[in-house]
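Chemist: Sending over a structure as structure tokens; questions will come in a sec.
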């Protein structure tokens, strides 16, 4: 209880400050900052400094907590709640105890930039897809108009009206003449389809 009452936040407890990162930093940024700091204060480079080992261990612990999604979420919750106890002690508490503590938690920092690169590239890809769809619709409309112009007019019945049995037969045979495949050069749309460009 005395530890909680006499608790003072130390800079070593703030893992983001220790690594020189921000709470919005990605895992890659955290790892890059860790490597830089670890090279600066590695115990092998400073054997005469007794605090080098302690500092390096703190850096490793900060890296382990901040690169793991679950532990980072717990750390961020603890940090924003401004609990007056060390993070290790907070971690040791049972989940039921944590939920019974009704502390107001500050919200996460807002992003300085509105969109990330991924969001921007996704929007650009969607716009390109929409443009391609519009082009395809226009091509389909133009090819449909061309086929309507080329399509022969329906054949008149070549069978005399006297022979009623053969008129049905003539319609069946004439069907393929009305809806036959065009022997013209394939359209641009058909070429793209065959080459898997669509």
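Cβ coordinates come from backbone N, Cα and C, glycine included.
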Chemist: From the ranges 58-113, 114-169, pick the one that Swiss-Prot records as region 'Disordered'.
Modeler: 114-169
Chemist: Mean pLDDT across the domain 'J' (14-79), rounded to an integer, is what?
Modeler: 87
